[in-house]
Amino acid sequence: MKIEELIIDGFKSYAVRTVISNWDDQFNAITGLNGSGKSNILDAICFVLGITNMSTVRAQNLQDLIYKRGQAGITRASVTIVFNNRDPASSPIGFENHPQVSVTRQIIMGGTSKYLINGHRALQQNVQNLFQSVQLNINNPNFLIMQGRITKVLNMKATEILSMIEEASGTRMFEERKEKAFRTMQRKEAKVEEINTLLREEIEPRLTKLRTEKKTFLEYQHIYNDLERLSHLCTAYDYYKLSLKVEELTVQASQKHSHIAEMESSLQTSKQEVLILKEKIKKIEDERMRQMSVSSDRTLDSQLQTVNENITRISTSIELKNTALEEEHGDLQQIRGKAKELETLLRGKRKRLDEVLSVYEKRKDEHQSISKDFKSQEELISSLTTGLSTTEGHETGYSRKLHEARDTLNDFKAEKETNRLKLEGLNKQISLTKPKKAEATKRCDQLNREIDILQNHVEKLKMSLKNTNSDITGEDVLQQKLKQLAKDRGNLLNELDALKSKLAYMEFTYTDPTPNFDRSKVKGLVAQLLTLNEENYDKQTALEITAGGRLYNLIVETEKIGAQLLQKGNLKRRVTIIPLNKITSFVASAERVGAAKKISNNKAQLALELIGYDDELLPAMQYVFGSTLVCDTPESAKKVTFHPSVKLKSVTLDGDVYDPSGTLTGGSVNKSAGPLLQIQKLNSLQLKLQVVTSEYEKLETQLKDLKTQNANFHRLEQEIQLKQHELTLLIEQRETDSSFRLLSDYQQYKDDVKDLKQRLPELDRLILQSDQAIKKIERDMQEWKHNKGSKMAELEKEFNQYKHKLDEFTPILEKSENDYNGVKLECEQLEGELQNHQQSLVQGESTTSLIKTEIAELELSLVNEEHNRKKLTELIEIESAKFSGLNKEIDSLSTSMKTFESEINNGELTIQKLNHEFDRLEREKSVAITAINHLEKENDWIDGQKQHFGKQGTIFDFHSQNMRQCREQLHNLKPRFASMRKAINPKVMDMIDGVEKKEAKLRSMIKTIHRDKKKIQDTVKSIDRFKRSALEKTWREVNSSFGEIFDELLPGNSAELQPPENKEFTDGLEIHVKIGSIWKDSLAELSGGQRSLVALALIMSLLKYKPAPMYILDEIDAALDLSHTQNIGRLIKTKFKGSQFIIVSLKEGMFTNANRLFHVRFMDGSSVVQAR
């Protein structure tokens, strides 16, 4: 393949399109003056061949190849070579059927280069492959001999000459491939080392960690399964036990309900018995009253009965209240214990909440920092890629980042300067304040001591106030009661005074006859000492007629007392005295009285039986009333009086007197109230007055005590208020005191200085950090300007790292947030439970206080009622002493009735306790049912499995398992599970699979690399063997041609290539020259022309060994004289007929041997070529 035509347009000195045609296929010469552009023709050929070393064509860059660097209006350079390709044996691969091959290369201002093959666009590599296939490798050109090449050959070392032989033999290509193979081996070794490093430093540690995590994860799964199994088992056991408890409680509640029904039935029977006994007692009492000879006030019995009923009712109420109080105390104790337990749990949960919150806030800050870095990196990449900011109105890319960093740095510097100025001002203030501090401290200490003393005094007063009882409402109630009692007492006194004035004639007064006289031995008038029941009021006239004047006799204990009164008692009126120890009387026998009752059909009674009196007064009463009958009608009086079996004096209700002697006394009788009735009324009023006075005195004492307590309470309150006011004034005085303000300001200055000093190092660190960030951004900006691709890759790598870090940290933050919310919810639930218990505690304490108040009021009422019962009992005992038989029967019945009433009370208490027990069972049942519902709600699986709970042969066979051990295992597993749950990696199974695959892949790559390395090593050995053989062959042929050509150029002389002494030819070759018969030791012994001929001979011998289709020689004869130049021209013409030579020369001896001569001239600023 040889040049037929060369077309140059705009290339170097060829401004216009220049066509150089008719090239000789063997020997072409180019000549012209210096600077005419002849060498530019060779440069144009090299340009098309694809030269990359611009220095070879004497240019720095492609723009230098355009005519006048494009400044003359020509902006494009184009060179086309048309090759003769008619010889298929020397045709490029793929172009055997093309008789001509045209190759064009064009460049345009700006550096764009374009290749055309036969008019079609082609890649540079395709063009290079085309030329290399015909031994025209322009980047390692053995066909190109430019100016200076001869000098370069002369200065070559042995190894460099060997390289020329290698190039000629073609083994250089093998060497290059060998070097390439070695480089490939080195890369593979580096890759192996990289893989080993990756395996050693990343994969294996990560695999070790993941295998540990996998083991932990598998253990975690095992624990989770055990925990779930044990949790289900314990939950099922709790559910099973609760279900059994509900059934048991249902049975117990049913039994309690039945027991209550039985007790109520029994209680009803006892109440019926009480009613029967009351009816019997009433009949006996009626009979007793009927038998009484004298009427008495029945109000005492009714009052006593009322008082007894009140006492029974109050006692029962107190017992019930005490029972309720005990139960309330028990409930309060349980509530306090539960509240204390909840407080302990809540403290632990709050501590746990603080810990979880701290972790959550720390991770939240870390997440925000990572998110901020991620968004910043995303914004940076987006703005650098698109030139637009995602934040409207802001700068883009590094400019925005740099602006923000500088703003941050300025903010820190401004803060530092501000803090420095503040610190100076504060230090100045401290210096001014410090001298006054001692006096101010003394003043403040004095005020603080006074405040402490006053505060302690207030606390003591509050403690005293707390221990002082106060009842303002009770005082008001007592005052109202006293007011009413005073009113009742006044009314009773008025009635008594009025009645006493009417009975003034019955008033008996005397003076003590002797010193220390015992007035209790003077009993009183007969009329004053007897009592008359209300049912016998209609018999008061008959009794007055019966007593007659004796009604106003004075009863004394002995006749001596009577004598003393008569002698020294200063009696105001005449009086008959009845001494109890001396009086004798006639008393009707029981037989005569019985006969009288029988004859009169119970319309006659002994007068003595109708009245009431003390037992000690019996002789006197017998003396007055013991021998007279009181009859309801005159007929009955007449019958009994004159009946032989009776023969007793009788008095009718109208006052008629029948005497057995035969006399009859009667007539008009005053129907108004007689003295007996008035005396009975007087006695009743006196008794009422006594009860009211006793109650009044008792309440007055209570009121006095209560007033004292309330006064103490009010005094303490007022004193506390006064002292509290003094304390407030003293505290205000301290707050407003200049000394206090000075110390407060001084301490504030110190605290501010401390904070500022702590902040300044932090600001220095932040300023340094910001400054480093700014420098880094500036470096990044410079790197971005010079290498956008690699910088963008680095930014994207950092972005992916941030994204990966954010993706990894987000679940961690979510877990921390879930932990925090969970613990917070538990705290809120505990707080709610604690608040409910505290409310229950307050309500319970209020109920307890109310019950205590009610019990105190009931006990007070009980004391009052017992006092009333005592008074009434004393009066009734006096009244009913003489009815001991009936009384005994009544007592017996009353005892039986009290027994039944006690049974009733006990029964009611038992029923109440049973009701409480029933309510407790119902509450426990409700709690158990609630717990069951809660378990069912929290555990959906229960509904489908509960039929198997407790069944033998199932997983819920509780009898075959130790549930205590199961609970202990569950208790031990929970903290371990909780701790492992925080430590395990849930993605470890997927991760370890990926890492193991990666490890296998990398180890497979290592095996592949080692296998490839072995192949390369085998190939290199084979290449070395082939290279040595080919190199030796080439050396010997070139050596032979070298000697022959040198002999032609310089007849009679010889030259050869030999290895250095004691070395092989593969270590290098040296030029040895023989001038005449003498071998020169060095080329330095030769003349300049001889050395040039030696170099030319070597070059020509190399060209002859493996001829290329074309050779380009640029003024290789510059250092030779004319004869030697002619020899070279002749040598080329005769010895190198198969190749096309293109030679630039200025010597006629050279180009006269050429078959085609091209003459180059420089005209009008451009080169012109003429063929000759």
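For all residues, glycine too, the Cβ spot is worked out from N, Cα and C.
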Point to revise | Residues flagged as coiled coil in Swiss-Prot, choosing from 73-105, 172-204, 1030-1062 | key: 172-204
Study note, to complete from the structure: Tertiary contacts of the coiled coil (172-204), defined by C-beta under 8 angstroms and 6+ residue spacing from its ends, are 140, 163, 166, 995, 998-999, 1002-1003, 1005-1006, 1009-1010, 1012-1013, 1016-1017, 1019-1020, 1023-1024, 1026-1027
Review point. When you measure from the Cβ of Leu33 (ATP binding site), how many other Cβ atoms are you left with inside 10 Å?
Key: 12
Review point. DSSP on Ser39 (ATP binding site), three-state: which is it?
Key: helix
Check your understanding: For the recorded ATP site formed by Gly32, Leu33, Asn34, Gly35, Ser36, Gly37, Lys38, Ser39, which further same-chain residues have Cβ atoms within 8 Å of the site's Cβ center?
Key -> Val1160, Phe1162, Ser1167
Exercise for review: Please name the residue among the binding-site residues Asn34, Ser36, Ser39 whose C-beta has the most neighbouring C-beta atoms within 10 angstroms.
Suggested key: Ser39
Review point. Counting across all protein chains shown, how many other Cβ atoms sit within 10 Å of the Cβ of Gly37 (ATP binding site)?
Key: 24
**Study point:** Intrachain C-beta neighbours of Gly35 (ATP binding site), sequence separation six or more, cut-off 8 angstroms
**Key:** Phe1162
**Study point:** Cβ neighbour count within 10 Å of Gly32 (ATP binding site)
**Key:** 21
Check your understanding: Going by DSSP, how much of the domain 'SMC hinge' (520-640) is helix, how much is strand and how much is coil, in residues?
Key -> 67 helix, 20 strand, 34 coil
Check your understanding: Is Gly32 (ATP binding site) helix, strand or coil when read with DSSP?
Key -> strand
